[in-house]
Amino acid sequence: MSNNKLTTSWGSPVGDNQNSMTAGDRGPTLIQDVHLLEKLAHFNRERVPERVVHAKGAGAHGYFEVTNDLSKYTKANFLNEVGKRTPMFIRFSTVAGELGSADTVRDPRGFAVKFYTEEGNYDIVGNNTPVFFIRDAIKFPDFIHTQKRDPKTHLKNPTAVWDFWSHSPESLHQVSILMSDRGIPATLRHMHGFGSHTFKWVNKEGEAVWVKYHFKTEQGVKNLAVDTAAKLAGENPDYHTEDLFNAIEAGDFPAWTLYVQIMPVEDANTYRFDPFDVTKVWSQKDYPLIEVGRMVLNRNPENYFAEVEQATFSPGTFVPGVEASPDKMLQGRLFAYADAHRYRVGVNHNALPINRPQSPVNNYQRDGQMRFDGNGGGSVYYEPNSFSGPKESPEDKTSAFAVSGVADSVAYDHNDHYTQAGDLYRLLSEEERARLVENIVGAMKPVALEEIKLRQIGHFYKADPEYGTRIAEGLGLAVPEEVK
Ligand code: HEM
C-alpha cells in the first residue's frame, strides 16, 4: 500500500474522507460508516484537562552545560564535570489564566525545567520570582480560588484576591514583586527563573547543604509597560508564545546562567529568616551566588500537544544528590504534582516521549491505562526474585536526617513579613516606586469592602511607612491609626 494513503486509526485505507455514508442521496446517515464514527469520537476526546494552574504555556528544548564543578556539594551526576551537557526541556507559563488566556498579563511566570540526566529526570519547577505568596501547602487551594474566576459571576474577583492577601500577610513580599515592573515580563526570554524553595544537596560522602537555584537571563531583564501589555493582550494574546518560538526558529537561542546559593546545614538553626519559608529570600551578602552552568534553548517542539501539553513536571522528580527540604509548601507539592499528572495525563505519563527518561527505566510497575511501551515484556514482574531483576542501590538512598518535636499543626514561628518587602520597596528608584504604587492602587480600587483595603494598607505601611501612605493616598483613605 502506498504509504501516503489516508487510514483509520487501525490502519486501514479510508475510501472517502469528505462525504459520510447515507441511505440514499439524502440520508439519514448510516451507523455503519465506522470511519465517520471513529473520526467524530476521537475528536470529542482531543482535550485532556488543562492544568488547574499554569494552564497557558510555551515550551522549548535545549541543553544544560556545567561551567563550574560543584561535586563537593552534590553527587548529582549531571553536575559532576565541567563541560558536561544534559538535554533539557522547559515550559514557561502564566498562573491564573486558562489555556487560551493572554500572555501579557500581570502574573508570576512558571519556569519549569526538566533535565534528562544519566540517572533519570530531574525537574526544577519554579517561577520567575524567588518567593511565593504563601508558605504552607494547606493554604494553596484557597489562594488559587481567589486567583481564578468567581463561581457566580465567572469574572475575576479583586475583592477575593485582596481579602485573601490582607488576611495572609506572608504574601506581602511576593505581592510587591508582582505589582512591580517585573509583574509583566517583556518576553519569556527576558526574565530570571528561580527554584524558589530551599532544597538539599548531598555529596558522595553523604554531607548535606541547603541550596537555592537562580537562573539569570543572559538576555537581560526587560518588562512591559502596563498600557503596552494591555494593548498586546487584545491584539496578540499569544505574544510571549510567539516571541519564544520565533526567536528559536531564527537561531537566536535564549540562554540563562544557573547559580546557586549554598547554606551550611547548621546555619538553618540560626539564620535571621527561616530558610525553609518560601516567602523569604536569603541575602546574597550572606550566601553569594555561585555559578553552576548555562542553559540554552535551541529547539522548538515539533508538536505542541505531545511535548508541551503532555509534559509533566514535579518538584518531587529528584535524582541522587538532590533532596527535599522541610519547606511546608514544597512538602505539599511533592504530593500535588504527581497526583495532578495521574489525573490530567494518566498513570503512565512518565512513559510518554516528552517525559520518558533518556536513561534506562527498570522497575516492577506494570499495566495501567494507556500502557503503550511494551509493559516490561516477559521480564520478571515482582521483587524479591531469583531471576536477576533490577535491584535497589543502597548508595542512592535518600540521606538520613534527624527530626524532633511533637506532631501537631504548627505555624512557622518567624512572622516578620515586612522587612524583606520593605527592603524591596526601598531598593526601587522613585519612578519604579511610583509605578508600583499606581499598579497597586489600580488593582485595589475595585475591592468592595473598605475594611479589606485598610487591612492591606496596614501591611504596606508596616513594610515601609512611605509605601503604605502613598497607597492609602491613592485610594483616598487614611492609614489606620493602630498600625502607625
Ligand atoms: C503547576 C500545585 C506551588 C510552580 C501546578 C499544578 C499543580 C500545582 C496541581 C499543575 C500540574 C500539572 O497538571 O501538570 C501546586 C501546589 C502548590 C504549588 C499544591 C503549593 C503547595 C507552586 C510554587 C511554584 C509553582 C511555590 C513555584 C515556585 C508551578 C509551575 C507549574 C505548576 C511552574 C507549571 C508546570 C508546567 O509547566 O507543567 N502546580 N503548586 N507552584 N506550578 Fe504549582
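Cβ atoms here come from the backbone N, Cα and C positions, even for glycine.
TrEMBL labels come from automatic prediction, so no person has curated them.
Annotated features, as they stand in TrEMBL:
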type     : residues : note
REGION   : 1-27     : region 'Disordered'
COMPBIAS : 1-22     : compositional bias 'Polar residues'
DOMAIN   : 7-391    : domain 'Catalase core'
ACT_SITE : HIS54    : active site
ACT_SITE : ASN127   : active site
Summary of DSSP states over the region 'Disordered' (1-27), given as helix, strand and coil counts: 0 helix, 3 strand, 24 coil
Rounded inter-Cα distance in Å - HIS54 (active site), ASN127 (active site): 10
Segment-level pLDDT (mean, integer) for the domain 'Catalase core' (7-391): 98
Other CB atoms within 10 A, centred on ASN127 (active site): 24
